[in-house]
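Annotated features in TrEMBL:
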type	residues	note
MOD_RES	Lys99	N6-succinyllysine
BINDING	Thr103, His336, Gly337, Thr338, Ala339, Pro340, Lys341, Tyr342, Asn349, Tyr388, Arg392	NADP(+) binding site
BINDING	Ser112, Asn114, Arg118, Arg128, Arg152	D-threo-isocitrate binding site
MOD_RES	Ser112	phosphoserine
SITE	Tyr159	site 'Critical for catalysis'
SITE	Lys226	site 'Critical for catalysis'
BINDING	Asp304	Mg(2+) binding site
COILED	413-443	coiled coil
DOMAIN	464-522	domain 'CBS'
DOMAIN	530-587	domain 'CBS'
Amino acid sequence: MTQHIQYPESGEKIRVVDGRMQVPDNPILGYVEGDGIGPDITRASMRIWDAAVEKAYGGKRKVHWAELYMGEKAAGLYDGDYFPAETQEALEDLIVSIKGPLTTPVGGGFRSLNVALRQKLDLYACVRPVRHYDGVPSPLQKPEEVDVVIFRENTEDVYAGLEYQSGTDENRKLAKFLREEMGATFFDDAGLGVKPISPFGSKRLVRKAIQYAIDNNRESVTLVHKGNIMKFTEGAFRSWGYEVAREEFGDVTITEDELYSTYGGKRPEGKIVIKDRIADIIFQLMLLRPNDFDVLATMNLNGDYLSDACAAEVGGIGIAPGANMSDNVAVFEATHGTAPKYANQDKVNPGSLLFSGVMMLEYIGWQEAADLIRAAYQKVVTSRIVTYDFARQIEGATEVKTSQFADAIIETMQSGRVDLAKYQQEREQAIEQDRKVRELRRVSSPLEEMIASGRTPHTVGDLMNPNPVSVPAETSVEDAMHLMREKRISSVITQPGPDGDWGIMTQRDVISRIVSKNRQPSSVRVDEVASKPLKTVPLDMSLHDCAEKMASENIRRVVVVDNVGEPLGIISDTDIFASVEQFGLPE
Ligand SMILES: NC(=O)C1=CN([C@@H]2O[C@H](COP(=O)(O)OP(=O)(O)OC[C@H]3O[C@@H](n4cnc5c(N)ncnc54)[C@H](OP(=O)(O)O)[C@@H]3O)[C@@H](O)[C@H]2O)C=CC1
Ligand SMILES: O=C(O)CCC(=O)C(=O)O
Ligand SMILES: [Mg+2]
């Protein structure tokens, strides 16, 4: 018996059987319209979702909406209760729901309903994809390079509510314990907060992020942390993250160190690279080199900051969607808040909630409806029909109200003006192209890649110049010289001749064995001039050991080989010199 919630009679509930979601063609989905701008964006978005489903499935499928209550509307209906028990029960019962933003008072008053929702339903992963749509204004030169999915831990960290207000008995008790039992020092009357980060909470979040990367063919998962400062919370998150990757996904993941030390910067097909970045630098990197990142996994506070900052790169929080997920229940929601100054003005961008709904349609397997909205959105925005937030950044834009923006998308879908296949194909091509650019950069300039990514080189694999140029043994010295000049390289590797050995011919060999001896370059084969056998090192040799070898054997370059002796790259004294100049002595 419910007080105010009524499920539509014509709909059926989604069920989870043996851990798998079963979605009927007439599912009941819950919605909470939210406070402030919530009702405006919910109304507009619902019209779009319904129209897309109708268009995609011709009436065979339909969402049956059940209104659920939280926030101010709930308080009005349930005698001051902002988060009624029956809402929580319905969210769990319906399995999939969507909500608008909810107000949280600052510095006092009740604690966040959004946080309470996540904790009570144990929606431990906040998933926030950030990608760019053509025509959306951005402060970046290449916003199309932003395509990340943030996995934010949603139940722990300083959001756990373990805070003790200055001047209270609880605060004094904790302060006394910390000072007397733990030897801690801090100023008198400091407000105190506790930051719990557990192996359980960290590992399940990272597990979900890696699984997402696998399911969606993503290249990397980056653990974002401030583990240099908060060693036993954020630093531990990082360690636990690598542990999950190694122990549970060892066959499909490699670390970033292995990417260089074993694979020379070329990601093996099907492997996901697990890397980590310190939280402050990730904000810079997401601005300067966003296409280095795919999936970001981080803790609650970092994830909160990072998701708004990344959203700004692709048009702002008016467009950034999200979902709160457990292993069964999902509550989709906009990234932004209630923007109270715009409440009930039919003014703001519905994009954030709209795309949260697109994620929801994908989640229940209604991909065609989701794609239809994306493609129609793209068309409307490129024709510069936008809400106020984009209009103020786009010259010549037509500024429309929230409801008019929804009309434009619906009209575009219904008129059949979207070419879904073309849209999907162009997107796939763009992703593929992006990958190629990334790999090329990684392998063509390893030192610059290290500097830009904030990593420090340790091994020969980190610094070597991969893809060494090699020529057949019978090539004439003259042809090899042309090639060296054209490619601006000072040596070529010579492929095995009759003796079966690889060799190397350098500029210096040409001078000392050809020019100074008055021999014609056109009549001498490279393998007659090449130095053999090759001086080689393995990929994982430390830079220090490599420098020692070069010094003791008086050589300027060595060839990096794989475990069967095939050349993989070349590392020279110039590379090591540049690395020491930049990063200091290798360990
Ligand atoms: N999950 C949730 O329910 C969340 C709730 N909140 C709560 O919301 C309340 C207000 O928080 P506040 O910090 O002001 O953040 P908001 O996200 O509500 O708004 C900040 C600014 O972002 C822009 N903005 C937000 N939404 C839109 C939109 N749909 N379209 C276009 N622009 C948008 C507006 O910018 P401009 O002024 O430049 O036009 C707005 O003034 C607080 O109580 C907070 O706790 C906050 C975040 C998430
Ligand atoms: O709960 C709130 O009021 C703020 C939540 C928030 O900022 C977020 O979910 O990103
Ligand atoms: Mg936030």
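First residue shown is number 1, and so on along the chain.
Cβ from N, Cα, C; glycine included.
Sequence features, as recorded in TrEMBL, placed on the structure.
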residue	record	DSSP class
Lys99	N6-succinyllysine	strand
Ser112	D-threo-isocitrate binding site	coil
Arg118	D-threo-isocitrate binding site	helix
Tyr159	site 'Critical for catalysis'	helix
Asp304	Mg(2+) binding site	helix
Gly337	NADP(+) binding site	coil
Asn349	NADP(+) binding site	coil
Neighbour count check, CB within 10 A, over binding-site residues Thr103, Ser112, Asn114; minimum at Ser112
Consider the recorded positions Lys99, Arg128, Asn349 and say which one has the Cα lying nearest the Cα of Tyr159 (site 'Critical for catalysis'). Arg128
Anything within 10 Å of Thr103 (NADP(+) binding site)? Look among the recorded positions Ser112, Arg118, Arg128, Arg152, Lys226, comparing CA atoms, and list what you find. Ser112
In this structure, which of the binding-site residues Arg118, Arg392 has the fewest other Cβ atoms within 10 Å of its Cβ? Arg392
Where the criterion is a Cβ under 6 Å from an atom of ligand 1, which of the recorded positions Lys99, Arg118, Arg128, Arg152, Tyr159, Lys226 meet it? none
May I ask for the distance between Arg392 (NADP(+) binding site) and Arg128 (D-threo-isocitrate binding site), taken between their Cα atoms and rounded to an integer number of Å? 25
Return the member of Lys99, Ser112, Arg152, Lys226, Asp304 nearest to Asn349 (NADP(+) binding site) in space, with distance defined Cα to Cα and candidates limited to these recorded positions. Lys99
Nearest by Cα to Ser112 (D-threo-isocitrate binding site), of the recorded positions Lys99, Asp304, Gly337, Ala339, Lys341, is Gly337
Using a Cβ cut-off under 8 Å and a sequence separation of 6 or more, which residues in the same chain sit near Gly337 (NADP(+) binding site)? Gly36, Pro101, Thr103
Arg128 (D-threo-isocitrate binding site) to Lys341 (NADP(+) binding site), Cα to Cα, whole Å, comes out at 25
If you measure every Cα to Cα distance among Ser112, Asn114, Arg118, Arg128, Arg152, the residues said to bind D-threo-isocitrate, what is the biggest one in Å? 19
From Thr103, Ser112, Arg128, Tyr159, Asp304, which recorded positions have a C-beta atom under 6 Å away from some atom of ligand 2? Ser112, Asp304
